[in-house]
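First comes the structure, then the notes that go with it.
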Amino acid sequence: MTWKIIADSGCDYRQLPTPAINTTFVSVPLTIQVADQVFVDDASLDIDQMMETMYATAEASKSACPSPDDYLRAFEGAKNIFLVTITGTLSGSHNSAQLAKNIYLEDHPDTKIHVIDSLSAGGEVDLLVEKLNDLIDQGLSFEEVVEAITAYQEKTKLLFVLAKVDNLVKNGRLSKLIGTVVGLLNIRMVGKASETGTLELLQKARGSKKSVQAAYDELVKAGYAGGRIVMAQRNNEKCCQQLSERIRETFPQADIKILPTSGLCSFYAEEGGLLMGYEID
């Protein structure tokens, strides 16, 4: 029995460290348009160059989702397929994936495909991909994996910490005044992905130290009790290490991974940003 785990580049993994038996992981890239340049978010992307270009232009940058054809190509070669997308509130990737699924099943009726809207990005998507791999590795049937991953998604959340908000300002999602204040006063925006997949501000913390404590407080308030965490970060390892230490003071057995953000997640998190997925009880 052949399996595929597919994720768009709202997931930070380019490949899985230890794929389950008979399982292939495929990353399907979104593209990021900065002025007249288009950056494809695959393993060859120079994220530093993309970010430099983005900050050098006054125009709003934007992302474009994979086409149904991109997903159709990714489906080939497996009988059991799971596909995880970035939240449908930020991208059309989920709609594109659903369309591709319907087209593919017309010609391949014996294939099983389950598409998951993560309602999130970054670390929480990474957790869902890791869990799918674990469930397949346990030898479960397709239907059992669907049931288990659906239940698991109810127990995962996303917390974000943003040190820069240039993109939000350029795209009109945040006022220029707030953007200026964030930059001048060293403010960090601490927020979460809501139940419907929108980004929701929780706190404003001044400086790195206070943002670490604010992130920890929100984590515990949301129900974290020592489970798995994936910190997807854009040039922010110091903050991640400090937050990891703070978490382990209370939960010494916490399983914490730190990953660099994909191009798309770097686009949203910006420099110094963190998109942290975590499990709750």
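From the backbone N, Cα and C atoms, a Cβ is placed for every residue, glycine too.
Remember, it's a predicted structure, so these values are computed and weren't measured experimentally.
Taken from Swiss-Prot, the feature domain 'DegV' covers 3-280.
Every protein chain considered, the tally of other Cβ atoms within 10 Å of the Cβ of Ser91 (hexadecanoate binding site) stands at 20. Annotation source Swiss-Prot lists hexadecanoate binding site at Ser63, Ser91.
Within the same chain, residues at least six positions away from Ser63 (hexadecanoate binding site) with a Cβ under 8 Å of its Cβ are Leu30, Thr31, Ile32, Gln33, Leu90, Ser91, Leu264, Phe267.
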